[in-house]
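A.B. asks: Annotations for this protein, taken from TrEMBL, read as follows:
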| type | residues | note |
| --- | --- | --- |
| ACT_SITE | C266 | active site, nucleophile |
| BINDING | D30, K35, T86, T121, E158, K269, R334 | NAD(+) binding site |
| BINDING | F155, L156, K157, E158, K210, F255, I256, Y257, P258, G259, G263, K327 | substrate binding site |
| DOMAIN | 320-424 | domain 'UDP-glucose/GDP-mannose dehydrogenase C-terminal' |
Amino acid sequence: MKITIFGTGYVGLVTGACLAEVGNDVLCMDVDRDKIDRLKRGEIPIYEPDLDKLVARNAAAGRLSFTTDPAEAVAHGLFQFIAVGTPPDEDGSADLRHVLAVAATIAEHMDDYRIVVNKSTVPVGTADRVRDRIQEILARRGKVLEFDVVSNPEFLKEGAAVDDFMKPDRIIVGTDNPRTTELLRVLYAPFNRNHDRLIAMDVRSAELTKYAANAMLATKISFMNELANLAEKLDADIEKVRVGIGSDPRIGYHFIYPGCGYGGSCFPKDVKALERTAREVGYEARLLQAVEQVNEQQKRRLFEKIHGHFNGDLAGRTIALWGLAFKPNTDDMREAPSRVLMEQLWQAGARVRAHDPVAMDEARRIYGEREDLVLADSPMEAVEGADALAVVTEWRVFRSPDFPALREKLKQPVIFDGRNIYDPAILRGMGFHYYGMGR
Ligand code: NAD
């Protein structure tokens, strides 16, 4: 099938490459010329495991190509996927500028039936706005053309995006036209062989399903972080509590890790956007507000612990950071807890020596060259001469370091473990001063 994808970010590029991998003819369009030039040269602008091989293979086979030309993009695909960003607006609501710009592009150039499939995370009612925008422009062009607008929210996880797309837990298809559902069923059949995971529903429910999923996941994290803060005050160990409650199948062990807060491009913005949507329809979503507030506070906990340990005397000190990405296996630093910590440390006059296996270029892009930030080539180089170590992202490479060497390199043997990846008793036994989250 012929498919066009608007947006070549984490969602668009993965979607395009995976759809090409099963034999489709995919054209990816982006307004970012530099990104498209890099993709045409075979460079992958983001870090996502296995994506490079997938893109290279399908580009070489002629099934995956790239363009900045909107007319070419709209002419290409029966399916027109929208996978552009929906960043938070100033008031927390989702900014639909890019989604509506793509709708306008499609309407300006279409000359035949098109299925517009929205993969971006968008508030309930957006499909109607996309439809209206297309209709308006077609009317202006004096064209009467048939088209459908489908909500097909994406659930892939950065760091496991290719795998998630290839083996999805569910494929949500929101449309009011049963014939379109069947076309999407055919399109997704290669990813839906083991058992039927395609769930068809109306458009508005599909749009809400995406926010509901992210809000539930964010709630689990904020719940555990709240309990972690309480455990600390009660001299209990949240990690023991986690294991204790996870054994109940109604709760389960998944996604109940306490830590230094959730980040990334999705949970923070989606919780805020859903809360905002609720407000617009006259409902105060108090649980969502609390989930967000607990998370904001949690992102500052590591700094509070560091500040407390040094009695507020942070000026001129150097803190080593392990992990900059908002979670392991990605280079994405959007809303990452590391940023809150670094910015607080800098404000207090401290310097940072950081290491991340893949996100250091992204850190350089965000912060540029600055005296109080050293990006070190290895975890051990980051701790060289530092007053303390803070672990912010639970990359595998940080899980079992050479502790005696670490103790040697640190000016003081103190570790702030923002992800509870170490055993406090073992570390204390080795002479470290250990701070965890909720233990
Ligand atoms: P991203 O920022 O990585 O990529 C968006 C891309 O869209 C950019 O390359 C940008 O240049 C391009 N773009 C902007 N306007 C355009 C236009 N008019 N025409 C063509 N391209 C345009 O974003 P992302 O992380 O891939 O997220 C995209 C959407 O998917 C968002 O709504 C997000 O909430 C949702 N989502 C993201 C994830 C994730 O893990 N990143 C998971 C599920 C859903």
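Cβ atoms here come from the backbone N, Cα and C positions, even for glycine.
Tell me about the setting of these features in this model.
C.D. replies: Mapped onto three states, the DSSP output places C266 (active site, nucleophile) in coil. Residues near C266 (active site, nucleophile) in space but far in sequence (CB under 8 A, at least 6 apart, same chain), listed by position: T121, N214.
With a cut-off of 8 Å between CB atoms and residues at least 6 apart in sequence, the same chain places A94, D95, L96, H98, V99, S120, T121, V122, K269, A273 near T86 (NAD(+) binding site), listed in sequence order.
The number of other Cβ atoms within 10 Å of the Cβ belonging to G263 (substrate binding site), over all protein chains shown, comes to 24.
Across the residues of the domain 'UDP-glucose/GDP-mannose dehydrogenase C-terminal' (320-424), the predicted structure has a mean pLDDT of 98.
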A.B. asks: Using C-alpha atoms only, work out the spacing between K35 (NAD(+) binding site) and K210 (substrate binding site) and round it to an integer in Å.
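C.D. replies: On Cα coordinates alone, these residues lie 27 Å apart.
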A.B. asks: Which binding-site residues of T86, T121, E158, P258, K269, R334 contact ligand 1 in the sense of C-beta under 6 Å?
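C.D. replies: T86, T121, E158, by Cβ distance under 6 Å.
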A.B. asks: Quick one: give me the count of other CB atoms within 10 A of the CB of P258 (substrate binding site).
C.D. replies: 27
A.B. asks: Just to verify: the residue among K157, K210, K269, R334 with the fewest other Cβ atoms within 10 Å, which of the binding-site residues is it?
C.D. replies: K157
